[in-house]
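Features reported for this protein in TrEMBL:
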type: TRANSMEM; residues: 40-58; note: transmembrane segment
type: TRANSMEM; residues: 70-88; note: transmembrane segment
type: TRANSMEM; residues: 94-118; note: transmembrane segment
type: TRANSMEM; residues: 138-161; note: transmembrane segment
type: TRANSMEM; residues: 200-223; note: transmembrane segment
type: TRANSMEM; residues: 289-310; note: transmembrane segment
type: TRANSMEM; residues: 322-340; note: transmembrane segment
type: TRANSMEM; residues: 346-364; note: transmembrane segment
type: TRANSMEM; residues: 385-405; note: transmembrane segment
type: TRANSMEM; residues: 411-428; note: transmembrane segment
Amino acid sequence: MISRNFKNVLVVSVGFLSLFTAYGGLQSLQSSLNAEQGMGVASLSVIYASIIVSSMFLPHIMIKNLGCKWTIVAGMACYVSYSFGNLYPGWYTLMPTSAVLGLGGSPLWSAKCTYLTIAGNAQASKDGKKGPDVINQYFGIFFFIFQSSAVWGNLMSSLIFGQDSNIAIIPEDQLQACGAADCNLNLSINSTTTRPAQELVWTLVGCYIGVGVLAMIIVAVFLDNIDREQSSQFRENREPLSKTFLATFRLLKDWRLLTLIPLTMYSGFEQSFLSGEYTKNYVTCALGIHYVGYVMMCFGATNSLCSFLFGRLARYTGRAPLFFLAALANFSCIIALLFWRPHPDQLPVFFVFPALWGMADAIWQTQTNSLYGILFPRHKEAAFANYRMWESLGFVIAFAYSTFLCLEYKLYILLAVLVATVITYPIVEYHEHKHPQPPVDEAEYLHRNKEGFGKDGGKIIRQTQL
């Protein structure tokens, strides 16, 4: 029999799998499907700019009042609205729904991270294990299931768009401009990108809406309300609005959080590059839009398997070796992409890059989420809100310069942020290793907070491994 906490982890994971089957597929297609006047990339910029705004105040307010479960359901509803906006894509439909998605995005992810951290600590206390070990395992399981959404969402898009009878043969002169070879391609709409028939677009988006609604039902029906008591106590003893609003920013006084900003922003830069630049300037340019789904499936499958593997491996190796493995993989890919000139005859190579990128991203996602939960146990909501805010800033910057910078320069920027990450992250890890503190279980934390949720009486302190 599986434990109740493990069951809840599976429910959250399957819910996110269903939701991001829809959103992940749409995000991968935006730079190619809605390429006119950069509308697709602009919508992604609005999403992550809106997430930054919502990170400042919404996660703390919503989680404290609604609890993690219903915050997740509300956030999922915001994501579904974006699918409706893609039924008839235009500036007046995509931009408002993008803003709504962004407002729900930060509370959704902060609630998920908080939920998994609480469940991990509770299970560790029950089994007599270290909190970080169980948290790493739970995040690994979550991302193993969640990252496979890229497989199913992109499989749906490739199968449906593969039925299009207007697939064009890409001329040789256009192939010469693919990749980082020609800056002009990045400054104008790619002439080889032909939009699929509108009926096929409606079919795909309709499927995405269906799986998004299914995600809401799964979480609403099957997920336990693990922090119901704390939410009730918070509603009865409300903090001043100004204190709640500034919860995210108060945590910036902690030098460890400031030092982790390059690492957190890099997560946004590297994800936006693969979904926005690689799919457009390499895959769509040289193979066609119907191949985007297949290539991103490779990314999703590798990401999913590696998330599960590294979630378990971290207890033996620690975080640091895994982070440096991810940095090495991304560094190698960036250098190679600067010199590679994509051509349809090199079909296997198109899948090598997303596979390596997926392995690296699995480490960035599982270990960074786990790191935030371990470093800031008394301020989980604010910590994960900061994580989402700084990661989203990386997305916004990358998508903002997407339409007017040459691809070569984008790769150099990505490389510079990666180097900054490699320099700053070890400082936090070394400090955590040199100053370990005895663990306090989650049950004691919750008990101490019964007198007034949010006070400093309940302190969770965990020992972490380098």
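From the backbone N, Cα and C atoms, a Cβ is placed for every residue, glycine too.
Because TrEMBL annotations are produced automatically, they should be read as predictions rather than curated entries.
What you see is a predicted model, and the numbers here were worked out from it, not measured in a lab.
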Counting a contact as 3 or more Cβ pairs under 8 Å, with residues at least 6 apart in sequence, do the transmembrane segment (385-405) and the transmembrane segment (94-118) touch?
yes
Can you tell me which of 40-58, 200-223, 322-340, 411-428 gets the most C-beta pairs within less than 8 Å of the transmembrane segment (94-118)?
40-58
I need to check the long-range neighbours of the transmembrane segment (346-364): which residues 6 or more away from its ends have a CB within less than 8 Å of a CB in the stretch?
143, 147, 266-267, 270-271, 274, 278, 282-283, 286-287, 291, 294-296, 298-307, 309-310, 322-323, 325-327, 329-330, 332-333, 336-337, 340
I need to check the long-range neighbours of the transmembrane segment (40-58): which residues 6 or more away from its ends have a CB within less than 8 Å of a CB in the stretch?
27, 29-34, 82, 85, 89, 94-95, 98-107, 110, 244-245, 247-249, 268, 272, 276, 385-386, 388-389, 392-393, 395-396, 399-400, 402-403
For the transmembrane segment (70-88), could you work out the same-chain residues 6 or more beyond its ends whose Cβ comes under 8 Å from its Cβ atoms?
12, 15, 19, 22-23, 26, 34, 43, 47, 59, 62-63, 94, 96-98, 100-101, 103-105, 107-112, 115, 201-202, 205-206, 208-209, 212-213, 215-216, 219-220, 223, 225
Under an 8 Å Cβ to Cβ limit, what residues of the same chain, 6 or more beyond the ends of the transmembrane segment (200-223), are close to it?
8, 11-12, 14-19, 21-23, 25-26, 33, 69, 72-73, 76-77, 79-80, 83-84, 86-87, 153, 156-157, 160-161, 163-164
